[in-house]
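A.B. asks: If you scroll down you'll find the structure; I have some questions about it.
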Amino acid sequence: MSEAKRLAAEKAIDYVEDGMIVGVGTGSTVAYFIDALGRIGHRIKGAVSSSEQSTARLRQHGIEVLDLNHTGTLSLYVDGADECDPNRCLIKGGGAALTREKIIAEASERFICIVDPSKQVPVLGNFPLPVEVIPMARSLVARQILALTGGQPVWRDGVVTDNGNVVLDVHNLHITDPVALERNLNQIPGVVCVGLFARRPADVVIVGGETPRVL
């Protein structure tokens, strides 16, 4: 699947225009995009990064990493996904960067999601849904998620997000209404961010392959 990821990432470069500040996500597919972006780094003004991991890789390529507070609205955000449904709703957060990813997606006019074919699903939920949580609320949030969804929340032990929080991965979900679930989970006190990108789905999904498909 690594070749499919690379091909999806290379196709996303077609959406990068001269003078842009590019929002950049996190993960193995995005790493290929950053490498491709490095080849045209002289054409862009810089990037806004969703994680320390991506920031380090961008800087290795000599791309300036900018503060979103100083850039205003971004023209383009490119990121991967753990799952993608036919409506371009996503599960994201396997790399624990979901909060910053969601902030940058919200701040961007266009959100391009790059995936390999294994990430396409008819219904979201086979991949455990990440939820970023304030540490003191971990048990409270887990109980409320169980009561609300019937899914099984599992603490991702040993993982601390770039924001200093913890992650619960919710297993055994069958998400037929991702917009409603995103809204309801966000209302639980202690939840920082839910790894459902449904209220703000991707605008374009690029599925890697010998001939990448654009959805």
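Cβ coordinates come from backbone N, Cα and C, glycine included.
Since the structure is predicted, the reported quantities are computational estimates derived from the model, not experimental observations.
This is the feature table in Swiss-Prot:
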ACT_SITE  Glu101  active site, proton acceptor
BINDING   Thr26, Gly27, Ser28, Thr29, Asp79, Gly80, Ala81, Asp82, Lys92, Gly93, Gly94, Gly95, Lys119  substrate binding site
A.B. asks: As a test of the contact definition, list every same-chain residue at least 6 positions from Thr26 (substrate binding site) whose Cβ is closer than 8 Å to its Cβ.
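C.D. replies: Long-range Cβ contacts: Ser50, Ser51, Gln53, Ser54, Asp79, Gly80, Gly95, Ala97, Arg100, Glu101.
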A.B. asks: Is it possible to get the count of other C-beta atoms within 10 angstroms of the C-beta of the residue listed as 'active site, proton acceptor'?
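C.D. replies: For the residue listed as 'active site, proton acceptor', the 10 Å Cβ neighbour count is 31.
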A.B. asks: Name them in sequence order: residues not among Thr26, Gly27, Ser28, Thr29, Asp79, Gly80, Ala81, Asp82, Lys92, Gly93, Gly94, Gly95, Lys119 whose Cβ is within 8 Å of the mean position of the Cβ atoms defining the substrate site.
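C.D. replies: Surrounding the site, in chain order, are Gly25, Val30.
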A.B. asks: Find the longest CA to CA distance in the recorded substrate-binding set Thr26, Gly27, Ser28, Thr29, Asp79, Gly80, Ala81, Asp82, Lys92, Gly93, Gly94, Gly95, Lys119; express it in Å as a whole number.
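C.D. replies: Greatest Cα separation within the listed binding residues comes to 15 Å.
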A.B. asks: May I ask which residues of the same chain, at least 6 positions away in sequence, place their Cβ under 8 angstroms from the Cβ of Lys119 (substrate binding site)?
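C.D. replies: Spatial neighbours, sequence-distant, of Lys119 (substrate binding site): Gly80, Ala81, Asp82, Glu83, Cys84.
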A.B. asks: Write out the long-range same-chain contacts of Lys92 (substrate binding site), meaning residues 6 or more apart in sequence whose Cβ is under 8 Å from its Cβ.
C.D. replies: Asp79, Gly80, Ala81, Asp82, Leu98, Glu101, Lys102, Pro130, Gly195, Phe197
